[in-house]
Amino acid sequence: MTLPVNPVDNLAALIRCPSVTPAEGGALTALEKMLKLMGFSANRPVFSDDNTPDIENLYARKSGNGPHLMFAGHTDVVPPGDEKDWKHPPFAAEIEDGVMYGRGAVDMKGGIACFVAAVARHIEKHGNIKGSISFLITGDEEGPAVNGTVKLLEWAKQRGESWDASIVGEPTNPNALGDMIKIGRRGSLSGTITVHGVQGHAAYPHLAENPVRGIVTLVDSLLYPAFDEGTANFQASNLEVTTIDVGNKATNVIPNKATASFNIRFNDTWTAESLQAEIISRLERAARDNRLRQGRETPIKYELTWRERPSHVFLTHDEKLIGTLTASVEAVTGKRPELSTSGGTSDARFIKDYCPVVEFGLTGQTMHMVDERVALADLEGLTQIYERFIADFFG
């Protein structure tokens, strides 16, 4: 029996599965075959929810006596766009000059391929693992993230599963393998403000109520002053206005409605609830500011809606998990990785409620881009890091 010890072969098999979210595309099946070669038992639960596609997931475990390590990630990928723009077909896993091209090469089929190879090498060298390893893999990370990791964790917990630590194989390194381990993430909160006015002719503003004046005032209150100056482990919270819309194609008509959407990435100064309260307080004060609405005595009429559920800020403090991974990275790459909380959200935000979690994978420079690609040397390097981590984690 040949174990899946080669990360290049593993990744090629996964890339050739067109698992554009929410499609499974054969990727979970390919992964399950690799894991069963190593004696893993596997389940493929499908989860559903209103107004979202059904999603197939995979939970596989190889049990032993000792701590339980979870590797988590996703096999779904973003669409490739126009395939004619690619140097190599996005689902062909072609190699040129020591580089493999394909959608998901770094985000994050590459990380999965390397961890599979690392486990296989450990088993080949040492036999059984001194503990348990599980793979918690979803097909719903690039999509709404409703029927994926969050439900798979609860499904596993209800069946008696518990974990001592988790690694998420997202591409954490900005420039080169070994740059960065993510030990936490900022929270994320999104909302939409709607201001209602009265439509009218631009030449007769006294007969109308321009909602643009109101939306500008409200948005300004969220942009200044700054929410905070950052903390010891997190950069300053940052709010970005992502859309301002009036739906008006005529230049001589005052619109009857204006909307603005925003997203804020926040640090551990705030909880989602305290941040929502701060935003509401700012908007309420600004609604009474009529400097841009001369002659108007009534407050700005607006509605605030929160979009999707917020993700909460977290920071992992587990010394064994972080220390062992840091030492493994340094041993293979020769450099000490930065411990960071930068970047966007990931499914680690769900895992943190079940066990300590960190993120470490490949270099993310080409994720979601045309010609997404990974150096074969990085696949081997990451596999060696994971293999060393597994050996040291289980002692």
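Glycine residues also receive a Cβ, built from the backbone N, Cα and C atoms like all the rest.
Quantities reported herein were computed from a predicted structural model and do not represent experimental measurements.
According to Swiss-Prot, the Zn(2+) 1 binding site annotation covers His74, Asp107, Glu170, on the basis of sequence analysis. When secondary structure is read from DSSP and collapsed to three states, Glu170 (Zn(2+) 1 binding site) falls in the coil class.
Non-local contacts of Asp76 (active site) by the CB criterion (under 8 A, 6+ apart in sequence, same chain) comprise Ser19, Val20, Thr21, Pro22, Ala23, Ala27, Thr138, Gly139, Asp140, Glu141, Glu142, Gly143. Look at Swiss-Prot and you will find Asp76 tagged as active site.
A 10 Å cutoff on Cβ-Cβ distances gives His368 (Zn(2+) 2 binding site) a total of 15 other Cβ atoms nearby, all chains included. Annotated Zn(2+) 2 binding site per Swiss-Prot: Asp107, Glu142, His368, in sequence order, evidence recorded as sequence analysis.
Annotation source Swiss-Prot lists active site, proton acceptor at Glu141, citing sequence analysis. In the three-state DSSP assignment, the secondary structure recorded for Glu141 (active site, proton acceptor) is coil.
Cα proximity to His368 (Zn(2+) 2 binding site) (within 10 Å) is found for the following binding-site residues from His74, Asp107, Glu170: Asp107. The 10 Å shell around the Cβ of Asp107 (Zn(2+) 1 binding site) contains 26 further Cβ atoms across the protein chains shown. Residues His74, Asp107, Glu170 make up the record's Zn(2+) 1 site, and a Cβ search at 8 Å around their centroid adds Gly73, Met108, Gly111, Glu141, Glu142, Val168, Gly169, Pro171, Ser346, Gly361, Met367 from the same chain. Same-chain residues with CB within 8 A of the center of the Asp107, Glu142, His368 CB atoms, the Zn(2+) 2 site residues themselves not counted, are Val77, Val78, Gly104, Met108, Met367.
Each of the binding-site residues Glu142, Glu170 was scored by other CB atoms within 10 A of its CB, and the lowest score goes to Glu142.
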